[in-house]
Structure formats: structure tokens, C-alpha cells
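Asks: Reproduced below are the annotations present in Swiss-Prot:
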BINDING   Asp38, Gln46, Tyr51, Val91, Phe125, Asp291, Thr331  FAD binding site
Amino acid sequence: MLSKNVHTADVVIVGAGPVGLFAVFQAGMLEMKCHVVDALDCIGGQCVTLYPDKPIYDIPAYPVITAAKLIEQLKQQVAPFDTVYHLGQQVIGCKIDNDIITITTSAEQVICSKSLIIAAGCGAFKYKRLILDNIEAFENKTVFYSVKDKNKFINKKVVIAGGGDSAIDWTLLLSDVAEVIYLVHRRENFRCAPHSLNQIKQLAEYGKVQMIVPYQLAKLTGENGLLQEVLVTNFNGGTQTLPADYLLAFFGLAADLGPIHKWGLKTDLRRIEVNSITYETTIPGIYAIGDVASYPGKLKLILTGFAEAATAMSHCYQRVFGKKMHFQYSTVKGVLRS
């Protein structure tokens, strides 16, 4: 009889973000016993912890859907299946013996399976913080690195710093509620979708957004953590002082695969190299999908991750049961094994 902290599964999924959840759905459709491990204490990954209100535009059949709503829909999709979740736990150990993959979590849970899928996004993540004098006095009061409630910014003066998709997307989203938005970027060129940048330029013509380029943050002023002004400078020594109630800084994430680095997988710039057909890593039986997976021609889209999840799970099925699955359309509830 197994100890209560020792479990068996057909497949273990590391990561409970959108791609991990869709992998859970695929496992359920194949009637595979599935366990999920995630370091966060809730389901949803970055979608719920970093940008729940952020609009997503590239999910088929949804012209626009917020990150939080997408997770809610995925949770409903996997609800019929008896999935076991180990939340608030990190995978700290992995060993393979006779084709059995055994992982150990930080909560001393042991899970044995024949297949494992890593859907860990960018891994453990930390925001790239601002390096400014006295920044700690303002952080989590009037300086933030993510947005969880856009209503906080109603009729407020907001400075948004950054030149990527996150900065642009939040400028567009908050332009409907903020009094004014100052978009600060150190370069004149932005790293974002051209359509989104064109929308920003239209808002600038109407005065809802002021594009402060090429400038970078230099100094914050205020009292008791309440921001009053943001000083910005350019490379020619020019300065501007921006009145501000809030500052949002979107300079990306510092990602870390954590203990996964020690598994012996081949990695490339904090991502895991996989076979582009099966999404299997350099260790048989271990697969990687979503943003954490790397292969030639990779597109870092949620949609791509969904397709990778379906393919990887089909190969997990073959490994677990020793035969190819009998594919049926997803209109059939619970795909037969063959």
C-alpha cells in the first residue's frame, strides 16, 4: 500500500498556466490519470498573478478575452476530469528508473509516472525592478510592475515606462480610465505589434496619451510613498518633469527554471530544447510545451502552446499505454484509447 504522500499517475504536468491547463484537458480526453504541480498557490500562472485584466486578442473565437476570463474558461473545461493539483509546491527532485519518472515536491509529495510535461512558462519569475534612488518607498504603493485592478487608475495621471507589448497593451487599456498617460521609452522604436502602436499614436493625437521618447526614468519625487512627479532625461541632457499619481514599469521578467536546471535537460537561454515534432526533451518521457519550450521557428503564443499540448499528450499516451491512440474528433466526449 502506498504512503499517503506517494502517488502514481499516467502523466505529470508541471505548470498550471493556460497551456498546462489545456494539457490537463487533453489528458482528460484520453482518460489519463493526471497530476499537476505548480509553485503558485492558485491555478492560472502569469495570467492571474501578473495581468488578470490584460486583454488577449489571439484566442480563436474570442475577439478579445481577459487573461483572468481565459483561465476561468479553461478551469471549466477541465472540471469534468479527476485531476489532482499540488499547488504552492515546487518540483525539487526528478529521477528516472526503468522508464518510471519520479518527482519530489517541496511539500514532500512523491509522484511516479511514465511521462512528464513541463509547461512552466518562463519558470519562476521576478519583475525587473527599477534602479532609482528611494524606489522602495514607492513600490507597491504608487509604483507597480503589474496591474491587477485597473479601477485604481480612474481619473489618475499615470506614467507607463517600457517599450514592449506589456507597456503598449496597458497604455491602450488604461487610456479609457486614466486622466492622462505618459508613455516613456528610451528609444523611438517600440517592440510591439504595429497595429497596437498605431492605436497609441491615434490616442496621442487626441491628447489621451503623451509619448515621451526617447527618454528614460531618472528620479521620483513624493511623500510617504505617494508619487507626485517623475523626472525623465534624454541622451542629450534634456529633462522633463511629469506630474504623476502612479508609475507602471514594464521592463520584463527575470526568469529562472529553478531546480529543473539540474535535471540534465538541454537548455537554451532559460528555455528547454525539444524535438519540434513530439516536443520531447533530450530525456525520453519528459516533454516541454509553451513558452518554456525552444525549437526552430517557435512562436511564443498561447495558441501555439495549446497545439503543442495536444501533440505532446498524444505522445505521452503512446509511451504510457504502448500503443497509438485512436483519434476521434473532440466532439466525442472522452476519446477512446483504441
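From the backbone N, Cα and C atoms, a Cβ is placed for every residue, glycine too.
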Asks: In sequence order, which residues at least six apart in the same chain have a CB under 8 Å from the CB of Val91 (FAD binding site)?
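Replies: Non-local contacts for Val91 (FAD binding site): Val14, Val37, Ile103, Thr104, Thr105, Ser106, Pro259, Ile260.
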Asks: Would you identify which of the binding-site residues Asp38, Gln46, Tyr51 has the most other C-beta atoms lying within 10 angstroms of its C-beta?
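Replies: For the binding-site residues Asp38, Gln46, Tyr51, the Cβ with the most other Cβ atoms within 10 Å is Asp38.
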Asks: I'd like the number of other C-beta atoms within 10 A of the C-beta of Asp291 (FAD binding site), please.
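Replies: Here the count is 25.
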Asks: Does DSSP give Val91 (FAD binding site) helix, strand or coil?
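Replies: Reduced to three states, the DSSP call for Val91 (FAD binding site) is strand.
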